[in-house]
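Undergrad: Below are the features I grabbed from Swiss-Prot:
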BINDING   GLN37, LEU38, ARG39, ASP40, LYS41, ASN69, SER108, LYS137  4-amino-2-methyl-5-(diphosphooxymethyl)pyrimidine binding site
BINDING   ASP70, ASP89  Mg(2+) binding site
Amino acid sequence: MTQDFGVYLVTGAEHSAGRSTAEVVEAAIRGGVDIVQLRDKTATARERYEVGTELRTLTRDAGVPLVVNDRLDLAAAIDADGVHLGDDDLPIEVAREQLGSDAIVGRSVSTPDAAREAEQAGADYLGVGAIYGTDSKDTDPEQSNIGLDRIRAVRDATSLPFVGIGGVTPDNAAPVVEAGADGVAVISAITAADDPEHATRRLADAVEGVAPNV
């Protein structure tokens, strides 16, 4: 696929300092975000739908893809561009069958073997981590702080585009791309920033400064 993955925002209302998810996403769009994932583990189904509908309008107007974490039903209901799946979610093949051949289907992995399996199953892209460790998500200790060597190993294992996630900030994003990632995925580096637009722009500058993986 030809989608840019330079700066990938995963929403996190709990980190947004009282701002709405839509406000943060709108600021990130101004800052140059490439793709947005709607993720909210605490909201009700109705709340997720309402936020998703609002984000769908914002992202579509800006030409930025929107994917939904885990929930195929929500992705279909808001006409999202795709879905991002984890270890405990439905298989990639099922997501593809439900959402169609044009849907973007991503998969979280932490090892080269998992990357190969996801590619064989038909994933479009991968999220690899947690690279530096993170407080934004509950991560299995064995999948935390995997480091840049693991990014290099995953790059050797798959031809799929992938983003590195986990503790990424504007100050440490460049080495992730230098190690082989096509971009970086962040939650709090944007959502918790005093100025999400500026934080997004700093991340974009860091990633874009490390061609040719972007």
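Cβ from N, Cα, C; glycine included.
As the structure is a computational prediction, the values presented were derived from the model and not from experiment.
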Undergrad: How long is the line from the C-alpha of ASN69 (4-amino-2-methyl-5-(diphosphooxymethyl)pyrimidine binding site) to the C-alpha of ASP89 (Mg(2+) binding site), rounded to the nearest angstrom?
TA: 10
Undergrad: Which whole-number value in Å describes the distance between the Cα atoms of GLN37 (4-amino-2-methyl-5-(diphosphooxymethyl)pyrimidine binding site) and ASP70 (Mg(2+) binding site)?
TA: 10
Undergrad: My understanding is the cutoff is Cβ-Cβ under 8 Å with a sequence separation of 6 or more in the same chain; which residues meet that for ASP40 (4-amino-2-methyl-5-(diphosphooxymethyl)pyrimidine binding site)?
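TA: Correct list: THR11, GLY12, ALA13, THR21, GLU47, ARG48, VAL51, ASN69.
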Undergrad: Could you work out which of the binding-site residues (ARG39, LYS41) has its C-beta surrounded by the smallest number of other C-beta atoms within 10 A?
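TA: Among the binding-site residues ARG39, LYS41, the sparsest Cβ neighbourhood within 10 Å belongs to LYS41.
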Undergrad: Could you tell me the C-alpha distance between ARG39 (4-amino-2-methyl-5-(diphosphooxymethyl)pyrimidine binding site) and ASP70 (Mg(2+) binding site) in angstrom, no decimals?
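TA: Counting only the Cα atoms, the answer is 8 Å.
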